[in-house]
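K.L.:
Feature list, courtesy of TrEMBL:
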type	residues	note
BINDING	Gly57, Ala58, Ser59, Asp63, Val87, Gly170, Asp175	ATP binding site
DOMAIN	54-238	domain 'tRNA(Ile)-lysidine/2-thiocytidine synthase N-terminal'
DOMAIN	285-315	domain 'Cytoplasmic tRNA 2-thiolation protein 1 C-terminal'
Amino acid sequence: MPAPPCASCHASRAALRRPRSGQALCGACFCAAFEAEVLHTVLAGRLLPPGAVVAVGASGGKDSTVLAHVLRALTPRLGISLQLVAVDEGIGGYRDAALAAVRRQAARWELPLTVVAYEDLFGGWTMDAVARSTAGSGRSRSCCTFCGVLRRRALEEGARRVGATHIVTGHNADDMAETVLMNFLRGDAGRLARGGGLGSPGEGGALPRCRPLQFASQKEVVLYAHFRRLDYFSEECVYAPEAFRGHARDLLKRLEAARPSAVLDLVHSAERLALAPAARPPRPGACSRCGALASRALCQACALLDGLNRGRPRLAIGKGRRGW
């Protein structure tokens, strides 16, 4: 049978039903609705003030590609300027192809691009070198822990180099729900307490960060990229199959099959989470080595690098996790 008419414009045939609402829309109306929802998220949350210089964490993947494309379309209404900042983690056979996609995007959209590399920032360490160092330590599955911490630091450094006032990342609703699940499963009260909201305000001199796609499902991010015919890199990182996040993702898929609202329910539960006074993390201070925001004497990045440089990477992971 023929597709129903678009519920918005009534002129074109519907090309999809939105996964959550079931609304039948043509491709153009879906993309317009998606962009309007991102605009509402930014304005309602007061995430990006007029005049902001915004560093977009650009990985070449679907999420950061969609984020950059949408924000570029919304730039006149938001009154912001964009800078793409990409991080080269030093992952052979993977990152070069992803960076090539970022460079194509920057050229096509006429956006400035800055690339920062782990090897330059962290004393010669790359993710491949980290993986080799942890291979015999029983911590080979922790590559994503190292990479997440170092990538956050690298993105901050890249944003500062381009004079950014704000950082945005492409985390979608599924990503955030997975993170909430992981923190519950780890018993990580401190991260649960910090995980709500649409970003971080920029304490201790750190740049404010936000996630404009936090309420957008992964399915709709993929659909937007499809209808806008966006060029992005779609291969999974070579270290991802070993990550704990994969178990949370599998669990989330089963939960969503039983309860379609599970993803957004988890995202909103993190926003409303309140901890008892005894469980609240202490106010962060400054890292004694680099000055970055830290909950202990050393920030996470310096602690991880310290363990690697001593040849004892175990020292850097899991210390004090339940208390901060």
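Positions of Cβ are set from backbone N, Cα and C atoms, glycine also.
Any TrEMBL annotation is an automated prediction that lacks curation.
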K.L.:
To which of the binding-site residues Ala58, Val87 does the lowest count of other Cβ atoms within 10 Å belong?
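P.N.:
Selected from the binding-site residues Ala58, Val87 on minimum Cβ neighbours within 10 Å: Val87.
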K.L.:
Between 0 and 100, where does the mean pLDDT of the domain 'tRNA(Ile)-lysidine/2-thiocytidine synthase N-terminal' (54-238) sit?
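P.N.:
When the pLDDT values over the domain 'tRNA(Ile)-lysidine/2-thiocytidine synthase N-terminal' (54-238) are averaged, the result is 90.
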K.L.:
Residue counts in helix (H, G, I), strand (E, B) and coil for the domain 'Cytoplasmic tRNA 2-thiolation protein 1 C-terminal' (285-315), per DSSP?
P.N.:
13 helix, 4 strand, 14 coil
K.L.:
Across the record's ATP-binding residues Gly57, Ala58, Ser59, Asp63, Val87, Gly170, Asp175, the largest CA-CA distance in angstrom?
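P.N.:
Comparing all Cα pairs, the maximum is 19 Å.
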K.L.:
Across all chains shown, how many C-beta atoms besides its own are within 10 angstroms of the C-beta of Asp175 (ATP binding site)?
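P.N.:
The answer is 21.
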K.L.:
Taking the Cβ of Ser59 (ATP binding site) as the centre, count every other Cβ atom within 10 Å, in any protein chain shown.
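P.N.:
Within a 10 Å radius of the Cβ of Ser59 (ATP binding site) lie 24 other Cβ atoms.
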K.L.:
Within 10 Å of the Cβ of Gly170 (ATP binding site), how many other Cβ atoms can be counted across all chains shown?
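P.N.:
The Cβ of Gly170 (ATP binding site) has 24 Cβ neighbours within 10 Å.
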